[in-house]
Amino acid sequence: MWAFPELPMPLLVNLIGSLMGFVATVTLIPAFRGHFIAARLCGQDLNKSSREQIPESQGVISGAVFLIILFCFIPFPFLNCFVEQQCKAFPHHEFVALIGALLAICCMIFLGFADDVLNLRWRHKLLLPTAASLPLLMVYFTNFGNTTIVVPKPLRPILGLHLDLGILYYVYMGLLAVFCTNAINILAGINGLEAGQSLVISASIIVFNLVELDGDYRDDHIFSLYFMIPFFFTTLGLLYHNWYPSRVFVGDTFCYFAGMTFAVVGILGHFSKTMLLFFMPQVFNFLYSLPQLLHIIPCPRHRMPRLNTKTGKLEMSYSKFKTKSLSFLGTFILKVAENLGLLTVRHSEDEDGAFTECNNMTLINLLLKVFGPMHERNLTLLLLLLQVVGSAVTFSIRYQLVRLFYDV
């Protein structure tokens with residue numbers, strides 16, 4: 001029978017600091033409200049009839065509290081060496097991993113805030129996490145350098161038991177960082193969704209880490225908990241203000257900060273495949289959105305659902321374009337997606353020619369297509385429920401289905 005593992009002292013200190021971080025986040029966000037509005041870092045909620053100015057980029061506050069917690073926490077995992085001198089040799093590789101991870105997250109918070117202020121283009125959004133992930137990749141190279149993977153059972157007759165990916169493994173880790181930071185950013189647009197999905201993912205990772213504390217990779221999962229516990233509580237404080245009806249917007253800063261934090265623990269904690277499984281809804285949303293993200297199908301600047309002021313419910317938003325402007329590939333994708341029930345396509349004509357409309361290709365709009373118009377709060381709850389189901393499926397795969405592919 002599984003017993004709850006004994007927590008080391010640094011984790012208890014981390015938990016206490018995280019609880020203080022929750023209080024600090026809840027307190028600081030309303031305290032800085034006026035400063036953000038005065039700096040014109042504010043906007044209107046397009047899904048509300050009210051045109052009140054709401055402060056944006058509040059992820060920078062939860063991110064700053066997160067960093068302060070971990071900066072103050074740095075000495076505690078190494079107290080035996082600092083104070084009692086009981087260790088034979090200082091664990092430099094653990095110290096470098098901690099500092100390198102903090103550097104990557106700190107860079108991403110800074111670059112995310114720059115994006116909120118400067119309103120960068122999408123091509124820049126791909127470059128920012130790539131640059132911020134370089135310290136992370138260097139830490140992995142100097143501390144571990146292992147690029148060999150265990151081949152799944154069905155492929156072993158062809159590739160053997162182990163396969164050295166070499167530089168491709170670093171490309172994979174860099175792409176993982178880019179995906180994590182942008183995946184949360186493109187599944188957004190309604191109150192509480194960005195912070196809510198991040199909260200569910202972090203809670204799932206914490207549970208996974210605790211279960212694995214009695215395993216062979218205890219130190220890696222303790223390292224992950226050092227980051228996930230404060231992230232969970234600072235995000236909870238942010239969600240308190242971002243929940244419907246939202247009093248603040250989290251901004252791209254939070255999406256980048258959350259994504260890089262997940263990438264850090266997934267890469268340095270050596271469970272990147274499990275990490276990706278926790279991103280199931282985000283992976284589906286990304287694949288579903290690809291035709292618009294690649295501009296095969298015209299993509300408007302905002303793809304969030306639209307408010308029906310008469311019913312007070314959110315409905316699907318649409319992309320409208322001239323039919324003749326669509327390429328052969330775009331036409332083919334539209335027809336296939338429509339036949340599969342993934343898109344609503346409408347055709348019309350006026351004096352300017354023939355036009356085509358299709359709902360914007362996001363998971364949010366797809367749920368509205370399947371379940372019909374719904375209240376914004378209920379839509380957020382449905383999406384978070386889907387995230388929880390994704391985590392449950394991940395645990396089933398990780399501890400049951402994995403036996404079909406690996407020797408565990």
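The backbone N, Cα and C atoms fix where each Cβ goes, glycine too.
These numbers come from a predicted model, not from an experiment.
Positions annotated as UDP-N-acetyl-alpha-D-glucosamine binding site by Swiss-Prot: Q44, D45, L46, E56, N191, R301, H302, R303. Under the three-state DSSP scheme, E56 (UDP-N-acetyl-alpha-D-glucosamine binding site) falls in the coil class.
Listed in sequence order, D115, N182, N185, D252 are the same-chain residues at least 6 apart in sequence whose CB falls under 8 Å from the CB of K125 (dolichyl phosphate binding site). In the three-state DSSP assignment, the secondary structure recorded for K125 (dolichyl phosphate binding site) is helix. The dolichyl phosphate binding site annotation in Swiss-Prot covers K125, V178, F179, C180, T181, N182, A183, I184, N185, I186 and rests on similarity to another entry.
In the three-state DSSP classification, N185 (dolichyl phosphate binding site) falls within a helix. As annotated by Swiss-Prot, Mg(2+) binding site applies to N185, D252, with the evidence given as similarity to another entry.
Swiss-Prot lists N146 with the feature N-linked glycosylation site. A 10 Å cutoff on Cβ-Cβ distances gives N146 (N-linked glycosylation site) a total of 11 other Cβ atoms nearby, all chains included. The DSSP secondary structure for N146 (N-linked glycosylation site) is coil.
The average pLDDT computed over the topological domain 'Lumenal' (1-10) stands at 66. Under the heading topological domain 'Lumenal', Swiss-Prot lists 1-10 (among others), citing a curator's inference as support.
Under the heading topological domain 'Cytoplasmic', Swiss-Prot lists 39-58 (among others).
What Swiss-Prot records for 79-91 (among others) is topological domain 'Lumenal'.
Under the heading topological domain 'Lumenal', Swiss-Prot lists 144-166 (among others).
The topological domain 'Cytoplasmic' annotation in Swiss-Prot covers 187-192 (among others) and rests on a curator's inference.
According to Swiss-Prot, the feature topological domain 'Lumenal' maps to 214-218 (among others). Broken down by DSSP into helix, strand and coil, the topological domain 'Lumenal' (214-218) contains 2 helix, 0 strand, 3 coil.
Remote same-chain residues near the topological domain 'Cytoplasmic' (243-250) are listed as 29-30, 33, 43, 45, 48, 54-59, 62, 190-192, 194-196, 376-377, 380 (criterion: CB distance under 8 Å, separation of at least six residues from the stretch ends). Per Swiss-Prot, the feature topological domain 'Cytoplasmic' maps to 243-250 (among others).
The feature topological domain 'Cytoplasmic' is assigned by Swiss-Prot to 294-375 (among others), with a curator's inference given as support.
Swiss-Prot lists 401-408 (among others) with the feature topological domain 'Lumenal'.
Within the chain, the transmembrane segment (11-38) has long-range Cβ neighbours (under 8 A, six or more residues past its boundaries) at 53, 55-58, 61-62, 65-66, 68-69, 72-73, 76, 222, 225-226, 229-230, 232-234, 236-238, 240-241, 247-248. The transmembrane segment annotation in Swiss-Prot covers 11-38 (among others).
Summarising the annotation, Swiss-Prot assigns transmembrane segment to 59-78 (among others).
Outside the transmembrane segment (92-118), and at least 6 residues removed from its termini, the chain residues within Cβ reach (under 8 Å) are 41, 56-57, 59-60, 63-64, 66-67, 70-71, 74, 77-78, 124-125, 128-129, 131-133, 135-136, 138-139, 142-143, 177, 181, 219, 223, 226-227, 251-257, 259-261, 263-265, 268. According to Swiss-Prot, the feature transmembrane segment maps to 92-118 (among others).
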Other Cβ atoms within 10 Å is the metric here; tell me which of the binding-site residues E56, D252 scores highest. D252
Run through the Cβ atoms and count how many others sit within 10 Å of the one on R301 (UDP-N-acetyl-alpha-D-glucosamine binding site). 4
Number of other Cβ atoms within 10 Å of the Cβ of T181 (dolichyl phosphate binding site) across all protein chains: 29
For the dolichyl phosphate site built from K125, V178, F179, C180, T181, N182, A183, I184, N185, I186, further residues of that chain with CB within 8 A of the site's CB center: P129, C255, Y256, G259, Q282
Within the same chain, where does the transmembrane segment (272-293) have neighbours whose Cβ lies under 8 angstroms from its own Cβ atoms, ignoring anything closer than 6 residues to its ends? I mean 6 or more beyond. 122, 172-173, 176, 179-180, 183-184, 186-187, 197, 201, 204-205, 208, 262-263, 265-266, 299, 303, 319, 330, 333, 337, 342, 360-363, 366, 383, 386-387, 390-391, 393-394, 397-398
Are there residues of the same chain, six or more positions away from Q44 (UDP-N-acetyl-alpha-D-glucosamine binding site), whose CB falls under 8 angstroms from its CB, and which are they? R51, E52, Q53, I54
Under 8 Å, at least three CB pairs between the transmembrane segment (59-78) and the transmembrane segment (219-242) (pairs 6 or more apart)? yes
